[in-house]
Amino acid sequence: MDQLFDVSLFASALRMLTPILLAALGGAICARVGLFNVGLEGLMLIGAFSAIVGNYLTGSIALSLLFAIGCTLAFSLLFAFMSIQLQANVIVVGIALNFLALGLTTFSLRAIFDVKGAYYDKNMVGLPKLNIPVIEDIPWLGGVLSGHSVLVYASILIVAALHYYLFRTVSGFRLLAAGENPTAARSLGIKVTRIQYGAVLLCGVLCGLAGAQLSLGNVTMFTEGMTAGRGFIALVATMLGQSNPLGVAGASLLFGFMESLSIRLQGFAMPTHFTLMVPYVVTILAMLFFKDKGYMQEARKSSGSSR
Amino acid sequence: MDKLGNWIKPLLQPLLALAAGLAVGAVAILIVGGSVTETYAEMWKGAFGNFYFITNTLARATPIILIGLGVALAFRAGFFNMGSEGQMVLGALSAAITAIHLPGPGWLKLIGAIVAGMLAGGIWSAFAGWLDAKYRMNLLITTLLLNYIATYFAGYIVTYPLKDTTGSAAMAQTVMLDKSAWLPKLFQGYSLHAGFLLAMLGTILLYLFMKHTVKGYEIRMLGGNPLFASYGGVQRGKLMFLSMFVSGGLAGLAGSVEVLGTQYRYLDGALTSPGYAWSGIMATLLAGSNPIGTAVAAILIAALQTGGMGMERNTDVPLEVSSIIQSVLILFVSAKLTYSFIKRKKAGAKNGPAV
Amino acid sequence: MLLQMEGITKSYGNVTANRNVSFNLRKGEIHALVGENGAGKTTLMRILYGMESQTSGEIKLGGKPVSFGSPTDAIRHGIGMVHQHFMLFPSFTVAENIVIGREPSRAIGFDRKAAAEETTRLAKRFGMPVDPWKRVGECSLGVQQRVEILKVLYQGAEIIILDEPTGVLTPIEVKELLAAIKELARQGKSFILISHKLGEIMEVADRITVLRDGEVTGTVNASDTGEEQLSRMMVGRELVQLGRSAAALGEKVLEAKGLTVRGSKTKPLLDGVSLNVKAGEIVGIAGISGNGQSELLQVLAGLLQPDEGTVELSGQDVTGASVQRIRGAGLAHIPEDRYLWGVSKEADVTENGIMGHTGRLSKNGILRRGKARSMVAEWVERFGVKTGSLDTKAQHLSGGNLQKLIVARELAQQSPFLIAAEPTRGVDVGAMEIIHAELLSKRDRQGAILLVSSELTEVLKLSDRILVMFEGRIAGELTAEEATEEKISLLMAGGKAVG
């Protein structure tokens, strides 16, 4: 067992946690304004791919991050337009965007790199790793906490910032109001539509970063559909964390740990099929503890009288 | 005029979407430096160019239709069943195992395999329904996650316990089925098999079921407003179980006919990599869950895919243009709700103040 | 003159909601705006509050013409509105609800302490005590109403529009509210009070403007008029008295004993309710909404499981049975909220019409569509449901027409027992008369009817026996002869039980 739960397992949990956490925070902010964003998976995939493209085109990490954010922003704008402006069914739009993301990345992989399946170039630079002074010298803890990509640390800061924003600022308060009772918020002159757009775009930025961590942080390559359901796991993390940044972080931590455990177990003479299943099984088990709103409430919301 | 309008209106949106999809596809073709007309001509030829290509397209459409029908049924009842892939895979695996191990004459193996496939898919799907009814787990998410579990499980089965060790190739697959248990081909030498007839039959049956039976009516009402349905005496739990079971059963059937009519064995990845399940869901979305529309949309999507392969053989444009066209199609169709929403808004304003 | 609205006309297509309406308000005045449902009161106020713009006409504030593009504009000009359905955020605190939109802040931070202090100060100044840190969702409706008024005062409103402010309040809360309004008017605030409760209006209003069919039928001083004159101005004719024969009572059709629903709150939602309905009588349930009526109906209709108690219908024990079984035993049900329970908006008129009738309209599970259509077509004809065709989607029908369809559907069950919850909510006078006549005729044919209505007049008009609910219990029972509005009101407020 000692070999199983060693330093590198926890260190890798932190790496695995980051993409899920970032996307889940994006999902949380969307949920807070009343939009259930099923498109996290697609947004993340776009982020992962465009980060690689940015890297290939510019060779600069900063620029490739910016490029990834730009692409996911454009994509989330599409989501916002369809679901807020055109009032299309959010879930259908989310599913459609996932399809589009998969189609676009596969096509572009072919069109830009002329490869199928995966793109890898040993000249590509991954996200820089940060060694934190003092902490890196602490035994065990240093190994776990130090030496990760910037985005790992950034994601922790983002959790705190988002928590502060939502529960301590005027603007965050209004965002919560817009989600809780849009009609009332609108009657008070709160620009609900603008807030919803803002939330979806912020979600885009976060998913862009999540994707970048996936393709430039954890590895330095892109494979077709490399998000592998992480967007949906992030959605569950959003739900489990009740769209509260700290709660979402907790839920993501669980899923990140399970993912790194699943990778680790492969070294233990277990069929990979079962180890690969672990994150999904755990996610489903975790859902046991989260009661969905239930169809009654859902129906009340959508069929409620206009009186 | 009104009658005519009623016929055209549901078609208008998909046609517009198709036009938009082709337009975006044209842009993609131009980006990679192809000729739009030439590429689309090759695509058409690849999909419907001659009898061989037509049957090929229909063969590809077969599982897509069946899955689409299942998803349509679930959507109509108000359940976002996204688990077709897992349901199909488990159906295919069960069909293969049954056909291999069931003793008796070929026809018995065949029927047994189909029944087993449908049961496996149905149970896997109903399991998600049960999780929703019992533990209020979000069905959309559980069905998605169950896909991964099902495919890994099936992969394990054919990699270890039931791996074909007779051949020289180290592929993760079962042994070949006995020839007597194969679904017959419809035309000698062409890939189209009897599964296509099952898909057509399923389309008509589902259409009649939804439109003319009490259960179909109840399912539609449940999807429209579950509170209204329960108020009227419709039992949500039972109906959910039924619709999820049939929905998954159809996905299982899709997997079974692929195994029995095309692959003749369960080969890991042979059903997942062509994305049959996702194409089926797309077809349903495209057709707004109308059974006949779903079948038509499924053939269209299959044509885009086979056409894309033809295009790739004869031009420099990559196959993936097809997937772009497909996704744009869906995106535009999801705006359909929009169209009716705008109309409703106008009508609402005309009727005077609501408050 | 503080506010003048002159010659206001508002049309939607060829429907005119307001025709050449003039209305004015003095400083420190309470000016009531009365009229039947659909008379155009709410439209006029939505125009004043910037939620709609008039087709023609002019609004002057302090003599200067103004036009408001949005509620924010109106708020900026000192006009506040308290909506009929509160515009509150249940999970936020009282203080948060009051300051929202103009939050006290330090840099980008929301200063919640300052908000609470401001709330306390405001509450003291206007004599409306509230706890600033309490969540609004946990406050009583009376306190929520107070929060709404404090909110508009915080926003600096000089003119306050109150839209049906007393509909959901207990009589004690109503008294407190009316007193608070008078006090605020004394301090110089001006009120526009929309209501159809003439008693309350006579109590507080200085002047009264009556609207009928979108037009002003007159503005009078409260001291110069009485309730009778006002009703005539509202309705335009004497009200028809429905002829009712004495009830010919039969067997008990429904018998409920000790029904209890605990819910998640500390107090049970339904607390040991027993009642029976006999063939040939209408039993009316009166009460301020939210006192357990909804839960009672849902239990009787099989939509909610009671924690305790039994229900017997036509001699069968149907406690906790499925809706299907209860309907089989003889239930028809006009639901309380038609959009929530009564229809599927996406489905067409026929499909909405055959719910609950499928057993009769099918053979071996196959729906006989022709038969279904002719059945629904007959109802549409008889009840005058205005619809494009039988294939029109329910969402395109007006609320009143949908209600007629639902009533027709449920009456056609010809069941021994009928629950009629808010059977005429939001329907026009003509439809109301049809529905009332149909309910009475069902009773005369030995039907047992349980009527629940928040309109006291409707309960009084139709019922043979009246039960009053308060806080989940039956607070009292009155016969049609002994029931008066006063007695019922007292019971509704939790006063001493009579029966």
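Every residue, even glycine, has its Cβ placed from backbone N, Cα and C.
Quantities reported herein were computed from a predicted structural model and do not represent experimental measurements.
Taking Cβ pairs closer than 8 Å, the transmembrane segment (B:12-31) reaches residues 39-40, 286-287, 293, 297, 300, 317, 321-322, 324-326, 328-330, 332-333, 336, 339 in its own chain, all 6 or more past its ends. The transmembrane segment feature in TrEMBL is assigned to B:12-31 (among others).
Residues 45, 81, 84, 87-88, 125, 186-187, 190-193, 195-196, 198-200, 202-203, 206, 210, 219, 223, 243-244, 246-251, 253-255, 257-258, 261-262, 271, 274, 276-277, 279-281, 283-284, 287, 289-291, 294-295, 297-299, 301-303, 305-307, 310 of the same chain lie 6 or more positions beyond the ends of the transmembrane segment (B:51-75) yet place their CB under 8 Å from a CB of it. Taken from TrEMBL, the feature transmembrane segment covers B:51-75 (among others).
Annotation comment: TrEMBL describes B:110-131 (among others) as transmembrane segment.
Here TrEMBL flags B:138-158 (among others) as transmembrane segment.
The transmembrane segment annotation in TrEMBL covers B:190-210 (among others).
Annotated transmembrane segment per TrEMBL: B:240-260 (among others), in sequence order. Long-range neighbours of the transmembrane segment (B:240-260) within the same chain, counting only residues 6 or more positions beyond its ends whose Cβ lies under 8 Å from a Cβ of the stretch, are 62-64, 66-67, 69-71, 73-74, 76-77, 79, 81, 83-85, 87-96, 99, 110, 113-114, 116-126, 128-130, 132-133, 177, 181-183, 193-195, 198-199, 202, 215, 219, 222, 266, 270-271, 276-277, 280.
What TrEMBL records for B:281-304 (among others) is transmembrane segment. Beyond the transmembrane segment (B:281-304), the same-chain residues lying 6 or more positions past its ends with a Cβ under 8 Å from any Cβ of the stretch are 10, 14, 17-18, 43, 47-48, 57-58, 60-61, 64-65, 67-69, 71-72, 75-76, 82, 84, 199-200, 203, 206-207, 210, 322, 325-326, 329-330, 333-334, 336.
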